[in-house]
Amino acid sequence: MSQLTHINAAGEAHMVDVSGKAETVREARAEAYVEMQATTLAMIIDGSHHKGDVFATARIAGIQAAKRTWELIPLCHPLMLSKVEVNLQAQPEHNRVRIESLCRLTGKTGVEMEALTAASVAALTIYDMCKAVQKDMVIGPVRLLAKSGGKSGDFKVGECHD
């Protein structure tokens, strides 16, 4: 079983030392959903929401959040991301918005937290912009879809990993 890398031998939280690691291309994808009433989703789709373009705002928020993950998650390293992508898709058949984020860099540590943060903050931004018309929206699930690069190997949802 894998060890918790952010806990030292004394059981204390610490930042992992990545100075000895090789730089490799690392990438991660994550997703989040925001469930809402059909009327709320229709306002987003047709652009009639009084706060403006919900998807554009959520996309920018997700990108900004990925770049600032190290300020939000205590033991994350500040990273020089080379790519952050946030895509939003209305799914009227399910009364929800699907958000998928992608983060990439060449570096010594992974970008899973950055991808998860991007998707999460984009979802929170949708909630913030739409809460005046609906307060009972549901955010989730939020999950890592895939990661590649690094010592721990690749991961993809649905593949068995021990």
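Numbering starts at 1 and runs along the chain as displayed.
Note that Cβ sites are derived from N, Cα and C of the backbone, with glycine treated the same way.
As written in Swiss-Prot, here are the features:
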type	residues	note
BINDING	L75, C76, H77, M113, E114	substrate binding site
ACT_SITE	D128	active site
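Feature map: annotations from Swiss-Prot on the structure.
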residue	record	Cβ contacts under 8 Å, 6 or more apart
C76	substrate binding site	T69, W70, M113, E114
H77	substrate binding site	M15, V16, V18, W70, T109
D128	active site	none
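Look at the Cβ of each of the binding-site residues L75, M113, E114 and count the other Cβ atoms within 10 Å; the largest number goes with E114. Apart from L75, C76, H77, M113, E114, the substrate site neighbourhood in this chain, defined by C-beta within 8 angstroms of the site C-beta centre, holds T69, W70, I73, L79, T109. Residue pairs drawn from L75, C76, H77, M113, E114, the listed substrate binders, are separated by up to 12 Å at the Cα level.
Look at H77 (substrate binding site): DSSP puts it in coil.
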